[in-house]
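Taken straight from Swiss-Prot:
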type: ACT_SITE; residues: Cys117; note: active site, proton donor
type: BINDING; residues: Lys22, Asn23; note: phosphoenolpyruvate binding site
type: BINDING; residues: Arg93, Arg122, Pro123, Ile124, Asp125, Leu126, Asp307, Ile329; note: UDP-N-acetyl-alpha-D-glucosamine binding site
type: MOD_RES; residues: Cys117; note: 2-(S-cysteinyl)pyruvic acid O-phosphothioketal
Amino acid sequence: MDKLVIQGGTRLEGTIAASGSKNSSLPIIAATLLAGTGLFRLHRIPDLKDIATFRSLLHHLGAESHFEDGILEISTSKVKSARAPYELVKKMRASIYVLGPLLARFGHAEVSLPGGCAFGPRPIDLHLMAMEKLGATITIKTGFIEATTNKGRLQGGQIDFPVSSVGATGNALMAAALAEGTTTITNAAAEPEIEALCHFLAAMGSPITGIGTTTLTIEGRPTLQPIEFNNVFDRIEAGTLLAAAAITGGSITLTDTDPEQMQSVLEAFTRSGCTVTTNGHSISLKSPGALQPVNITAEPYPAFPTDMQAQWMALMTQAEGTSLITDRIYHERFNHIPELNRLGAHIDITDNQAVVHGPQRLSGTKVMSTDLRASASLVLAGLVAEGTTEVLRVYHLDRGYERIEEKLRRLGARIERQKYDEFS
């Protein structure tokens, strides 16, 4: 198993390019299942564990692909199976993205429930509701979602989401792209990754209006065509790298970005005292002498993203005062707090709100990753901690960050990946 060993106290400086977005890559790769012929060529796909897992799932279904230097070539013309087994789905919740494309293409689909998935007010319910609104019959049997169409093809319909869901919006769009007739989705997620999926489906041949808004209308087509497509940048990786510069008192320029998609995060950095400038597709940040506390509330786009709240919490441990962090998407997404406190942070939880008391002098020690973004927060804390920090179980980090230690090293961080035996 791998760990990251960090010698803290180095100011990060330099210029680095942002990677392609994982959160847009996954639904786009799933959408290739909608075309029964030809070859897709997808650019700027990040080299991540989650991408490899998703490719394995598509290979199991019959797809063929080749991935090299950020370019993924994929053909789904030989896909015959519409059954996604538990052995593959359990590795990643985003595997549910194959439900809509398989159902739309074959008229039936069997997709294992993601591991540990409990029903009730969970996002998976919204995926199933969307399929039913398009005319599917859904049953849950022996741990599988079994979906069938009643009229050969899915039928366009009205989908009104009670809450915003990126995953359910993506699945609904993909299913509607091959449905007969027009589908309107209200309270749709408006995240840039959904916008990218809309452009991808439209380029395949399914017209979509309302792109970038919470109301989407999509015209279904009987067939869709393979295309060449350029992926968008990863705004969460970009925010994490900006936080790395800010927490170490450094300065950084990110290239190949879209500042418009990061307004809430850039505004938070500005309020913290950082100097933020944008120029075309680049973002520059210079850390101040003393960071100011900034309260944030994680909500659907264009508000502050939930995938950045753990990193922001690490940053606020160095701010001159108390900050409040609220997550209205995942109310209890605070697994990183005990580990940050082990490093010397002073963070309390009150009424599903984190109270960060800063500034605190952090001291390096061993800490345990619990999930993707929690891992990133521990790396950020390690960059500013005195002494050596060991971040264990970095396979979580590898799910969503493309060679993060190499990028940080290029900016001046003293960080290296090492093997370790968890049970020794």
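Every residue gets a Cβ built from N, Cα and C, even glycine.
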Spatial separation of Lys22 (phosphoenolpyruvate binding site) from Asp307 (UDP-N-acetyl-alpha-D-glucosamine binding site) - C-alpha basis, Å: 12
For the binding-site residues Ile124, Asp125, the one whose C-beta sees the most other C-beta atoms within 10 angstroms: Ile124
Site with most surrounding Cβ atoms, counting all protein chains shown within 10 Å, from the binding-site residues Lys22, Arg93: Lys22
Cβ neighbours of Asn23 (phosphoenolpyruvate binding site) where a neighbour is any other Cβ within 10 Å: 24
Among Leu126, Ile329, the one of these binding-site residues whose Cβ has the fewest neighbouring Cβ atoms within 10 Å: Ile329
Around the Cβ of Asp307 (UDP-N-acetyl-alpha-D-glucosamine binding site), the count of other Cβ atoms that are within 10 Å: 22
Rounded Cα-Cα span from Asn23 (phosphoenolpyruvate binding site) to Ile329 (UDP-N-acetyl-alpha-D-glucosamine binding site), Å: 16
Cα-to-Cα gap, Asn23 (phosphoenolpyruvate binding site) vs Leu126 (UDP-N-acetyl-alpha-D-glucosamine binding site), nearest whole Å: 18
